[in-house]
Every structure is written in C-alpha cells, then in structure tokens.
Amino acid sequence: MRDYDEVTAFLGEWGPFQRLIFFLLSASIIPNGFNGMSIVFLAGTPEHRCRVPDTANLSSAWRNHSIPLRVQDGREVPHSCRRYRLEAIANFSALGLEPGRDVDLEQLEQESCLDGWEFSQDVFLSTIVTEWDLVCANDWKAPLSISMFFIGVLLGSFISGQLSDRFGRKNVLFVTMGMQTGFSFLQVFSKNFEMFTVLFVLVGMGQISNYVAAFVLGTEVLGKSVRIIFSTLGVCIFYAFGFMLLPLFAYFIRNWRMLLLALTMPGVLCVVLWWFIPESPRWLISQGRFEEAEAIIHRAAKMNKIVAPSTIFEPSELQDLSSRKQQPYNILDLLRTRNIRAITIMSIVLWMTISVGYFGLSLDTPNLHGDIYVNCLLSAMVEVPAYTLAWLLLRYLPRRYSMATALFLGGGVLLFVQLVPSELYYLATALVMVGKFGVTAAFAMVYVYTAELYPTVVRNMGVGVSSTASRLGSILSPYFVYLGAYDRFLPYILMGSLTILTAILTLFFPESFGTPLPDTIDQMLRVKGLKYRQMPSHTRILKDGEENPTVLKSTAF
C-alpha cells in the first residue's frame, strides 16, 4: 500500500506548482504579523497631564504651576494624574499671591483630573487611550484589550483544527482570513472601549485559525523536503515581514481609526488568492473525494510540465488511517508515567515562559528610549535572523543545547539592561533587541523539540497542551509590560530571570536530535536526573530489519 507522498512523487519537490503554493500561503500570513501587534500603536499612551479648563480664573503663573511635579527616571516631570485643587489655587490667584514665593506648593492639597486630560500629539494624533481616557485609574484597560486579543487566540486554537478537519483547509483559511479582516474593519467604528475589545477577541480567533489552516495546508500539499523550509522559514519570516510593515503604516498614519482601516486593506487583497490556492488533496482523500483530489494533482502536473498517470489514486491502496482501530488515548495519558509527567510539566513551563518573553518584548517597544517607530521596526527585523538561525540549529546541532543557549542569551542580556547607564540608552535598546533575538529563536525551535519528545499516540495532545500554555503566557505578557509604569527595569528583570531559569530547566530535557520518533509512551526518551525501572529491551530497541521512523524536523510558529 502506497501513501500519499509515494503516489504523488512524480510531481517532484520544487516545481512551479510547489513554489506558487509556498509563496502564496506564506504571503497569506503577512496580515497576521501586523494585526496582533497593531495594538502597540492603537493603544499607545502619549505624555499627558490634567486639563485645567480655560474658564478657570487663574493667572498665567498659577496656570503654569497648576500641575505638581514628580520624579521620573531621575528628572522632575509634571504629574500625569494629579493637579493642585483648582478652587484653592483660584483663590490664591485672586489674592495676587505668587506660586513658590508666597505659597509653598508642596503643602497644597491635590485632586484627580476632574476635567479630563491634555494629551501630547508629538507621537500620536489619537489612540484608543486618548479617545476613551484609558489613563490613571483606567490605565489597566489598555493591557486588558491586548490580553483579550490573546484570549481570542486561545479560543481560536481550540476550534481551528476541528474546523479545518470538518470543512476543509482552504475553506477555513479564507473564512477566517475574512473574519480577521472583517472584524478589524468593524473595530474602526467602535463607539467605546468595550465594543473595541469584544471585536478584538474575534480578530484574535480569526488570526490564529487562518494561521493554523495555512500551515496545515502547506505541510499537506508540499513535499517532505520543502515542508521543513515552509514551516521554519516560510510562514515565520513572512510573519516578520508583516510585523515590519506595521511601523511603516503607523509612521505615516497617526490616527488610530485610519491606521486600523489601512491595516485591513492587505487582508482584502488576499481574496484573489482563492483562485490560486487549491484544497488539500490529502484532506479530500480523507473525505473520499478522490476525483477532486486527482483533478488538483493533474493541474499541478500540468503546471510543472509533467505528464501525470491517467489514474493517480486507487482508493483500495490508499491508507485510510481513520479506519484503523487504535487504542484510545486522552489528556490524562500525558501524566500516566513519571517520565511523561515530567516532560509535560517542563514543557508547559518552557512554552509559557518563552511566550511571555516574546510577546512581552514585542509589546514593550513604546517604553524603550528613542523613536517608537524605529524601535518597533528593529524588533520586527531582528526576527528574520532569529528564524534563520533556528532553522540552521535544528538541521545541524542538538536541540537541548541549542534551546538552552538561545534562552541563556535572551535572559542574560535582559538582566544586564538594568546596569546600563541612562545616558547610554542606545546600548540598552540594543541589548533588548539581542534578548528578543534569543527568545524568538527559542520560540521557533520549541515546536520541533516538543513534537519530537512526545510519542505518536499522544503527540498532538502534547503539543496542544504546550501550545495552550503558550497562549496563557501571551495573555499574561501585557501585564509584565504594565509593570514598567512602576519601575522601568522591572519587566526586564522578571522576563530575564524567568528565561534564565527556563534555560537551566531545558538542560534536563532528553536530547532528541538524530533519534527516531517514539511511537509509544514506553519508547519516550528519558528526562535527565530521574531514576527508572529497567524496561524490557523490546520496548526500546528496534528489531532487525525494521525501518527507523522519520525524525521530525518541521515546525510551526
């Protein structure tokens, strides 16, 4: 019995058809790169201070001294959330008293910003923060909107695989691309923060669902050798390209509604891809739709200028895996033995920490010294060499040491940031970018590593549970950034410390590089430092003449 790869081997690996699918599916990921991270500019918080109404009867001297000063980063700046009690300073102004000379400002009673805020327009003309006053007592709402987006991503993760299995890869890809684009467009007309946030949840659901559908479609249509490059470099680097476009759009469009409208346009253009991207022949075969699958393969052969056999698929010879009776497994099997339990717990910690680091550093660009647009562009650009390095490490070096090195690099430089003198802010920014480089490389490698550690019978569940932990980390990441309002270095100290600890934890994982994929729980590689009972040799050693399973080298990010 031949499998799908054997049946379609006559197409070749890298003909015009495969190149077209590779680049079109990768291009469909570009909007994902800027939709999620757009909140960096949509929810940007410019400098602000309490508004003093023009109707207040104040002299110019008192109007200039109506806002108390506070120390920030070693210098005095106007307070963002307090002002001197307006009634009191109006009385002093009426009596002709001068601030500082006749009245001790430190002894004056203060009040909150009862008349709203004045926002600087040096960087942003408007954001959701300036429109709905998401500052001071309401400053928790901006990071909440980001977390709600990632909650949408979490919900989408649960349903995307089931939807694509039920309705087809292509249909789900384009429906969820439309969902992402459509709800982003509706956000432009948000009347309040609540409406914006609810729509953002739906955008998150659409974003992850179309990503998963594109990834699965590509891995099923492309040949074995191309799948590796598609999953490690194709989708990841095109995601980074989308991220790079974000600061360019934002630099020229400073109004949040117009910026969001502009960011929806590339998604509309993706509609034309419908006529070029086929359904997955593998999925069609699983549904018993052999004629449609053959038609797609014939079109691919014609594009590659190859003569295809008149009959490609014989239903009797195709392996219908779904019809095989297998022992049922459930999520509790990830905790069945001491070894798989240790790997599951360690993987959850690893994925959650890496996710906090990646999204925390991506969302933290407004807090870096220098131009926010340049910093965001650098944060996106550094991902390209990180993905390339990850691909090379996966091909040639052991997983455990590659992961640990990337995490030690990322965590170490983040801890060093606090030691950089304030006047050397360019060095501090460079260190943050190196940290982002290390964490991004680790993020790109962790999918492969985790998939290689789990056996075939629970591999999808193992990667799924780990991916869920990653989503939880992304939900928490905005609040790591939020801590920067209290101490500028606190986010870097926390993220750096967690990353270093996780790097140490990674050294206890078993090494999977160059080893066959385990099929059963008993065949799993052993965690370092745990004691085990001696297992029968037949559970660990392949019989003479038995073919080694393929070592997994593909990844999804």
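Every residue gets a Cβ built from N, Cα and C, even glycine.
Over the domain 'Major facilitator superfamily (MFS) profile' (88-514) the predicted model carries a mean pLDDT of 84. What TrEMBL lists as domain 'Major facilitator superfamily (MFS) profile' is 88-514.
Residues annotated as transmembrane segment in TrEMBL: 20-43 (among others).
For 142-160 (among others), the entry in TrEMBL reads transmembrane segment.
Residues or ranges marked as transmembrane segment in TrEMBL: 195-217 (among others). Only residues 6 or more beyond the boundaries of the transmembrane segment (195-217), in the same chain, are considered here, and those with a CB under 8 A from a CB of the stretch are 25, 28-29, 32, 35-36, 39, 128, 144-145, 148-153, 155-157, 159-161, 163-164, 169-170, 172-174, 176-181, 183-184, 186-187, 231, 235, 277, 280, 556.
Among the features that TrEMBL reports, transmembrane segment is placed at 229-253 (among others). Outside the transmembrane segment (229-253), and at least 6 residues removed from its termini, the chain residues within Cβ reach (under 8 Å) are 22, 25-27, 29-35, 37-38, 40-41, 211, 214-215, 218-219, 222, 259, 262-263, 266, 362, 372-374, 376-377, 379-381, 383-384, 387-388, 390-391, 394, 444, 448, 554-557.
The annotation transmembrane segment is assigned in TrEMBL to 259-277 (among others).
Below 8 angstroms of C-beta separation, residues 150, 333-334, 407, 410-411, 435-436, 439-440, 442-443, 446, 450, 453-454, 458, 462, 465-467, 469-474, 476-478, 480-481, 491, 495, 498-499, 501-502, 505-506, 508-510, 521, 524, 527, 530 of the same chain, each at least six residues beyond the ends of the transmembrane segment (340-360), sit close to that stretch. Residues or ranges marked as transmembrane segment by TrEMBL: 340-360 (among others).
Residues or ranges marked as transmembrane segment by TrEMBL: 372-394 (among others).
What TrEMBL records for 401-419 (among others) is transmembrane segment.
Per TrEMBL, transmembrane segment is recorded for 425-449 (among others). Within the chain, the transmembrane segment (425-449) has long-range Cβ neighbours (under 8 A, six or more residues past its boundaries) at 232, 236, 350-351, 354-355, 357-358, 361-362, 364, 368-370, 375, 378-379, 382-383, 385-387, 389-391, 393-394, 399-400, 402-403, 406-411, 413-414, 416-417, 463, 466, 492, 495-496, 499, 509, 512, 552-557.
Residues or ranges marked as transmembrane segment by TrEMBL: 461-483 (among others). Same-chain residues lying 6 or more positions outside the transmembrane segment (461-483) and placing a CB less than 8 Å from one of its CB atoms are 139-140, 142-144, 146-147, 150-151, 153-154, 157, 329-331, 333-334, 343-344, 347-356, 358-360, 363-364, 367, 446-447, 450-451, 453-454, 490-491, 494-495.
Sequence annotations record features per position, and here TrEMBL assigns transmembrane segment to 489-509 (among others).
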Discussion item. Cβ under 8 Å, sequence separation of at least 6 from the ends of the transmembrane segment (401-419): give me the contacting residues as numbers and ranges.
Written reply: 354, 357, 390, 393-394, 428, 431-432, 434-439, 441-442, 445-446, 449, 489, 492-493, 495-500, 502-504, 506-507, 509
Worksheet entry | For the transmembrane segment (20-43), sequence-distant contacts whose Cβ falls under 8 Å of one of its Cβ atoms, 6 or more beyond its ends | 124, 127-129, 134, 142, 145-146, 149, 153, 173, 177, 180-181, 184, 200, 203-204, 207, 210-211, 214, 217-218, 221-222, 226, 230, 234-235, 237-247, 249-250, 256, 259-260, 263, 266-267, 270, 273, 276-278, 303, 362-363, 365-366, 372, 376, 380
